[in-house]
Amino acid sequence: MLLEIIKLVITFINNLSNFLSKKHEKIEELYSVKDFENLFSKSCPKDVVAYYNCGADEERTTLENRNAFHRYILRPRMFVDVSNINLSTTIFGQKIATPIGICPMAMHTMAHRDGERATAKAIEKIGGIYIQSFHSSTSIEDLAWEVPHLRKWMQITLCKGTISIDMIKRAEKCGYEAIVVSVDTMSLGNRLELKRLKFDVPQTTRLANFDLYIQGKSEEESKHLTNYSTDLLRRDCTWNYVQYLKGQTSLPLILKGIQTKEDALLAMEYGADAIYVSNHGGRQLDSGKATIDILPEIVEAVKGRCSVFLDGGIMHGSDIFKAIALGADMVFVGRPILWGLGVAGEAGVDRVLSILKEELITTMTFCGTPDVNLITGNHCVKCPPVG
């Protein structure tokens, strides 16, 4: 009897090993971010796909974020020693192993049960920066404890009451290295696809950072806090509030959602340590410019006086190269990370990051830039308009 049980256990282990190896081979057979997008759309629930992929209104900005990169062409240089490629750079005086980071996105557990734990562990492996969302499904404290060596920043949404400031304090205590303030969330965008699907946050998905604030409250009050609605969002903030936030933390303050040179100059005037060029993936305001088209205007305005970051539309390592060439100090990736997570959990995110990193190295090699810090505007130009 015991021998039969042992045989059954061995058979189970062998079958499990075969299954996992086949799954690994399947991931390795996905060769581009687009491959992950396609598989994610086919294999994940329709409402989850819609939540992560949709944009506002007719989704023009969401599409433009991606398409705009095609208007920028590379200028390869020859007879340069590219036998050793360096991806490390310096942000806020600290060395970072790669210019690739993960931008803040809500509720990763909708894509995979491991959620933020998986995405954080994946970016930790390559030494990039992880920006945790205000609306994450893993708390500030839990993520800091479970991924202790993660280079992490905390994203804050400006809310009524004291919640936003309190989360800044919690992030400081847990070793987060910067505060990222979303300046374009005074309301939620008109996401038509979610309205058509009557999307609601699944009951199994927690907004874990809010757990502390719903203790002892009624069910109605708790729902008000965790319903991911516009009820809590502040619409009355002015530039003076940036100064107030600056006084609330010793960490670098990054303003995410800056899209004009006028606001870039005001951001510096009122104390921002860095400007994060983003249009929320086209999920807030439609008919805006692509972030890669906005970037040169911002870089020209700040003239090196503060760091500039970018997200939006990244599908290839060459997109990352182009953004750096146009002046971005760091490039953050959004939806592709969630596609990898939804397809295969942490292993899927590993694969997406590996694809982007290898594509970036390949682009640097052909453009004669062995060091990421040597990438300049001379390596990338915008195509003239047709006709």
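Yeah, the Cβs are placed from backbone N, Cα and C, and that goes for glycine too.
Here the domain 'FMN hydroxy acid dehydrogenase' (25-385) has a mean pLDDT of 94 out of 100. The annotation domain 'FMN hydroxy acid dehydrogenase' is assigned in TrEMBL to 25-385.
Under the heading glyoxylate binding site, TrEMBL lists Tyr51, Arg191, His280, Arg283. Counting Cβ atoms from all protein chains shown, Arg283 (glyoxylate binding site) has 24 others lying within 10 Å of its own Cβ.
A simple way to gauge crowding: the CB of Ser278 (FMN binding site) has 27 other CB atoms within 10 angstroms, across all the protein chains here. Marked as FMN binding site by TrEMBL: Pro104, Met105, Ala106, Ser133, Gln155, Lys256, Ser278, Gly334, Arg335.
Sequence-distant contacts of His280 (glyoxylate binding site), defined by Cβ-Cβ distance under 8 angstroms and a gap of at least six in the same chain, are Ser182, Asp184, Thr185, Gly189, Gly257. For His280, the entry in TrEMBL reads active site, proton acceptor.
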| query | On a count of neighbouring CB atoms within 10 A, which of the binding-site residues Arg191, Arg335 is highest? | reply | Arg335
| message | With every protein chain in view, what's the tally of Cβ atoms within 10 Å of the Cβ of Pro104 (FMN binding site), excluding that atom itself? | response | 24
| Among Tyr51, Arg191, His280, Arg283, the record's glyoxylate binders - longest CA distance, Å | 13
| request: For Gln155 (FMN binding site), write down the residues of its own chain that are at least 6 apart in sequence and whose Cβ falls under 8 Å from its Cβ; none is a fine answer. | output: Pro104, Ile131, Gln132, Ser133, Phe134, Val180, Val181, Ser182, Lys256
| request: For Arg335 (FMN binding site), name the DSSP secondary structure in the helix/strand/coil scheme. | output: helix
